[in-house]
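Enquirer: I'd like to ask some things about the structure below.
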């Protein structure tokens, strides 16, 4: 009887182990065809985008000029991210990769944030940056990187880049996801809609509710 139960359950255990290993190592799902250009006008929701008809696919679906020039920086943080994901390059759909360009004014900051669906690698085009990420053990891994150097931010970990120099800086970022997602930590906590309760933030940060309200006011949309 026991041997029969073990024999019966063995295939199920094998399937569960394979599923667990796939979930552990996979980023975006592997494509099942040569290409699946995203139909960005289709309103059907799937895990990714519906494929455009093959006859409608053109070379422009795989091309993007948006990373060629520095972005105009006109915000208080002094940094601008220009994305080259599937929403800009439909041909990336199902391919599991995307790019971005980040431009930094002197003193500019790409504030602490996470990418829930991707690991990020940055390559410095010009300038120098102080970069770092924080592990789940609360250890800061940081370094100054300069022209031609790269740095990796593991998937899901909080990370940042800061230009402490007197000249502009820029990087190209690579992701192992067609749509890595970005969640800025401060903005997520202090400008969520509906808002995170003041007493939750006050207790979490060990500050008063008045201080929480003051911080939230700084993230409120400009009227």
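Cβ coordinates come from backbone N, Cα and C, glycine included.
Pasting the feature list from TrEMBL:
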BINDING   110, 115, 120  oxalate binding site
BINDING   113, 115, 120, 159  Mn(2+) binding site
DISULFID  36-51  disulfide bond
DOMAIN    65-213  domain 'Cupin type-1'
SIGNAL    1-26  signal peptide
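Buried or exposed, and what's around them? Tell me for each listed feature.
Expert: Long-range Cβ contacts of residue 115 (oxalate binding site) within its own chain (separation 6+, distance under 8 Å): 153, 155, 156, 175, 177, 180, 181, 182, 183.
The Cβ neighbour count for residue 120 (oxalate binding site), using a 10 Å radius and every protein chain shown, is 23.
For residue 51 (disulfide bond), the Cβ neighbour count at a 10 Å cut-off comes to 19, with all displayed protein chains included.
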Enquirer: Using DSSP, how many residues of the domain 'Cupin type-1' (65-213) fall into helix, strand and coil, respectively?
Expert: 22 helix, 57 strand, 70 coil
Enquirer: So what pLDDT does the domain 'Cupin type-1' (65-213) average out to?
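Expert: A mean pLDDT of 97 is what the model gives the domain 'Cupin type-1' (65-213).
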Enquirer: 10 Å Cβ neighbour count around residue 159 (Mn(2+) binding site)?
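Expert: Neighbour count, Cβ to Cβ under the 10 Å cut-off: 23.
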Enquirer: Setting 110, 115, 120 aside, what same-chain residues sit with their Cβ within 8 Å of the center of the Cβ atoms that define the oxalate site, listed in sequence order?
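Expert: Counting only non-site residues, the set is 100, 113, 114, 122, 153, 159, 173, 175, 180, 182.
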Enquirer: Do me a favour and check the Cα-Cα span between residue 110 (oxalate binding site) and residue 51 (disulfide bond); whole Å is fine.
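Expert: Approximately 33 Å lies between the Cα of residue 110 (oxalate binding site) and that of residue 51 (disulfide bond).
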